[in-house]
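What follows is one structure encoded as structure tokens, with my remarks underneath.
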Amino acid sequence: MTKEVCSNIGLWLLLTLLIGNYVVNLEASHHVYKRLTQSTNTKSPSVNQPYRTGFHFQPPKNWMNDPNGPMIYKGIYHLFYQWNPKGAVWGNIVWAHSTSTDLINWDPHPPAIFPSAPFDINGCWSGSATILPNGKPVILYTGIDPKNQQVQNIAEPKNLSDPYLREWKKSPLNPLMAPDAVNGINASSFRDPTTAWLGQDKKWRVIIGSKIHRRGLAITYTSKDFLKWEKSPEPLHYDDGSGMWECPDFFPVTRFGSNGVETSSFGEPNEILKHVLKISLDDTKHDYYTIGTYDRVKDKFVPDNGFKMDGTAPRYDYGKYYASKTFFDSAKNRRILWGWTNESSSVEDDVEKGWSGIQTIPRKIWLDRSGKQLIQWPVREVERLRTKQVKNLRNKVLKSGSRLEVYGVTAAQADVEVLFKVRDLEKADVIEPSWTDPQLICSKMNVSVKSGLGPFGLMVLASKNLEEYTSVYFRIFKARQNSNKYVVLMCSDQSRSSLKEDNDKTTYGAFVDINPHQPLSLRALIDHSVVESFGGKGRACITSRVYPKLAIGKSSHLFAFNYGYQSVDVLNLNAWSMNSAQIS
């Protein structure tokens, strides 16, 4: 550890002590209460840490939630995040700050933004970074004022020559945007400003999540100088009945290829670009997106046919995943997606272990060639952690009811890629017309239920005798009798993940838009208490949190399996043990 990093940690701890003396407690639901209760935990984390991850981002201790303001500046990646310096539960929120040169290994810095003025004295909530045309980064974030109103503030670096951006200052003009009697904004539901974009009229635009009664909406503000903002008469988009829109994100994607697009770009001509509007629904705690067209004249987002911005929209991730945020990586011409994964353990367990929350591995995100969905894939940099590759698992036949153990890999901290080939598609069961909810299907037809084709996939974090395991698998159905159209279902079944009873063991599911006549790919990033699964080369993603009692460390096992009636071929299986990332 460098002298500079040690100094940073010292400053971080000093600020933590100072901050802890006056920051108020807030509840995790984002409600602010006049009478606050003690919800902090000051004891040291438990020495026994079987569930702490090896290569996912998480601070040394305490609560973490939303990723904030990710960006690249002078070749350095920055990740800010919502952090409680006083305990492993939500409250006392500040903007913690870490930097990296590769998105995998991270060094900490003192908190960048913390309550210090009337416009944020009751909390510094989520926001985003924008790189101005002169290369200067600025942050817009939500502050909680003395009246517990949500207002929007700006902060900028004190020293632009510092690539680590270790010190930030707040504008005396704050708050820049606030609810009042004229604009009629809901003062308790006005938060999480996006990265701003520059229109062709040279005005900046930013959207902020809000609601009016049950109408969720993205309020638009415009500005000529990034300091004086004016509310637009109409929102960028809204939906009646969806409830509060948190952590909105709005960005362009190219229709051709996987390269990213700068947020203010409109393409030449505009037809080569589409736009993505993503929201985090407070009611469901899931992230949804729609693909559509941005009307630059009316400042309106128009979803493509088949898309609706509500709970029926496609999701980034069908598991434990929320409050996501993208940024354009100008160094590698890609768009990167961050997302927060909360715990599935009890609050008491979180307090005992001394921490709560991780960030998923950053993902490259782009538009599928069909134009109907987004593709996600872990950034290439994570592959540098691969070691001890298991090879030559090719052309294996998995007969009905069989398992194939993968030896020679550290199964509790691994990266696995497998390619399946299905035989006899005509043997698939017919899906019931009422089966429209993939999670419900996966829950009712868990891994022990046989069907014509499936379940087949991977058993991860498994104990030797299968008292515990998490299964990630496919099933294939016919769309209807005598049909040559098929439905591919992907499940992540946590029901047998732990002998411990008080964990959330929800089973997750997603339909995968792929052709089952072609090989089916499945990738799993396994990291002690988290499993990130990518089906169909990133067309469906499911993140799970699990806490085995037996299948920990060297006692964890990995299997490929087929419990369907028909045989399945493993065309190729590669597995790697993963080194730990350097995350301080």
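Each residue, glycine too, has its Cβ placed from N, Cα and C.
The record in Swiss-Prot lists a disulphide bond between C442 and one of C491, C541, namely C491. The number of other Cβ atoms within 10 Å of the Cβ belonging to C491 (disulfide bond), over all protein chains shown, comes to 28. In the three-state DSSP classification, N342 (N-linked glycosylation site) falls within coil. Highest local Cβ density among the recorded positions W63, W125, N342 belongs to W63, counted as other Cβ atoms within 10 Å over all protein chains shown. Across the recorded positions listed here (Q82, R191, C442), the residue whose Cβ sits among the most other Cβ atoms within 10 Å is C442. Counting other Cβ atoms within 10 Å of each Cβ, the lowest count among the recorded positions N65, N159, N186, N446 belongs to N159. In sequence order, D66 are the recorded positions from D66, N186, C442, N446, C491 with a C-alpha within 10 Å of the C-alpha of Q82 (substrate binding site).
Cβ contacts within 10 Å of D66 (active site), excluding its own Cβ and spanning all protein chains shown: 26.
According to DSSP, N159 (N-linked glycosylation site) sits in a coil region rather than a helix or strand.
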